[in-house]
Each structure stands twice: as structure tokens, then as C-alpha cells.
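Here Swiss-Prot flags 1-32 as domain 'EF-hand 1', drawing on sequence analysis. The Ca(2+) 1 binding site annotation in Swiss-Prot covers D10, D12, D14, T16, E21, and the record cites sequence analysis as its basis. As annotated by Swiss-Prot, domain 'EF-hand 2' applies to 33-68. Sequence annotations record features per position, and here Swiss-Prot assigns Ca(2+) 2 binding site to D46, D48, N50, T52, E57 based on sequence analysis. According to Swiss-Prot, the domain 'EF-hand 3' annotation covers 70-105. The annotation Ca(2+) 3 binding site is assigned in Swiss-Prot to D83, D85, N87, Y89, E94. Positions annotated as domain 'EF-hand 4' by Swiss-Prot: 106-131. The annotation Ca(2+) 4 binding site is assigned in Swiss-Prot to D119, D121, D123, Q125, E130 on the grounds of sequence analysis.
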Amino acid sequence: EFKEAFSLFDKDGDGTITTKELGTVMRSLGQNPTEAELQDMINEVDADGNGTIDFPEFLTMMARKMKDTDSEEEIREAFRVFDKDSNGYISAAELRHVMTNLGEKLTDEEVDEMIREADIDGDGQVNYEEF
């Protein structure tokens, strides 16, 4: 799972994530980090100081993130990334759009399945509580 996430960032497949690659992924998620912010993010986990993130460093970062469980605000922000029209629901189309931007080509069945798994009230979309 983490390897898959890592390869979403590592666009050229060379085994490292550069500030450029990090920026590309963040922009595809609707964020707009500055060069300095990207560098800070990399520096936080760049144990060997070579200016890029390799897979072991990525795992360290993920472990840190998971321990420091996402704040309400981070979860809300993530929800907003998916909820393109800001109507309070994530539709199959919105989910597909974000996943495609991340380079994840999903079939309609896979998207519907993801929605079904999260959709507790059965209305065919995902609200904030379900998210």
C-alpha cells in the first residue's frame, strides 16, 4: 500500500521523490505549495540530507503521520479536495476525478465499489461523517 502511494509521487520511477514531484502531486490535489514549503516538507523527513525522499524515509514519514492522527482540520481539508462542488458530498464522479489526477486509473466498478464501502446511509455518495 505504501509502495503504491510512493510510486504515485515518484513520477519518473527512480526511487526518490524530489520537490518537483512532490509539487506535482500536491497541485493535482488542488494545493499550491511554494518552493520553500516543498523544500521544508522534504527536509523534515530527508534523513540522509540528499534533498530527496527515498522509500525508507517515506515510510518514516507515513509512520509519523499515522501516529500523529490526522487533526479534524486535516480531515476536513482532505474532504474538500474530493468535494469539488462543495455540496457536502463526494460523488462517484468527484472521486474518479481526484483519483485520475493522482494517476490512479480506476474502472467505474472500482469507483462504485469505493463509494459503496464508505456509503453508510446508501444514498450513493459519501458525506463528511462517512468520509
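Including glycine, each Cβ sits where the backbone N, Cα and C put it.
These figures come from a predicted structure and were not determined experimentally.
Overlay of Swiss-Prot feature records on the structure.
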{"residue": "D10", "record": "Ca(2+) 1 binding site", "DSSP class": "coil"}
{"residue": "T16", "record": "Ca(2+) 1 binding site", "DSSP class": "strand"}
{"residue": "N50", "record": "Ca(2+) 2 binding site", "DSSP class": "coil"}
{"residue": "D85", "record": "Ca(2+) 3 binding site", "DSSP class": "coil"}
{"residue": "D121", "record": "Ca(2+) 4 binding site", "DSSP class": "coil"}
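Put simply, of the binding-site residues D10, D12, N87, D121, E130, the one whose Cα is nearest the Cα of T52 (Ca(2+) 2 binding site) is D10. Sequence-distant contacts of the domain 'EF-hand 3' (70-105), counting only residues of its own chain at least 6 positions beyond either end whose CB sits under 8 Å from a CB of the stretch, comprise 8, 11, 25, 28-31, 111-112, 114-115, 123-128, 131. Closest by Cα distance to N87 (Ca(2+) 3 binding site), from the binding-site residues T16, N50, Q125, is Q125. Report note: the Ca(2+) 3 site is defined by D83, D85, N87, Y89, E94, and the residues of the same chain whose CB lies within 8 Å of the CB centroid of those residues, excluding them, are F82, K84, S86, G88, I90, S91, Q125. Neighbours of D46 (Ca(2+) 2 binding site), defined as other CB atoms within 10 A of its CB across all chains, total 18. Here the CA atom of E94 (Ca(2+) 3 binding site) lies 15 Å from the CA atom of E130 (Ca(2+) 4 binding site). Within 8 Å of the centroid defined by the CB atoms of D10, D12, D14, T16, E21, the record's Ca(2+) 1 site, lie the Cβ atoms of F9, K11, G13, G15, I17, T18, T52, excluding the listed residues themselves. Looking only at Cα atoms, E57 (Ca(2+) 2 binding site) sits nearest to T16 among the binding-site residues D10, T16, E21, D83, Y89.
Over all protein chains present, the Cβ of D83 (Ca(2+) 3 binding site) has 21 other Cβ atoms lying within 10 Å. Taking the centre of the Cβ atoms of D46, D48, N50, T52, E57 as the Ca(2+) 2 site, the nearby residues of that chain (Cβ within 8 Å, site residues left out) are T16, I42, V45, A47, G49, G51, I53, D54. All chains included, 19 other C-beta atoms sit within 10 angstroms of the C-beta of E57 (Ca(2+) 2 binding site).
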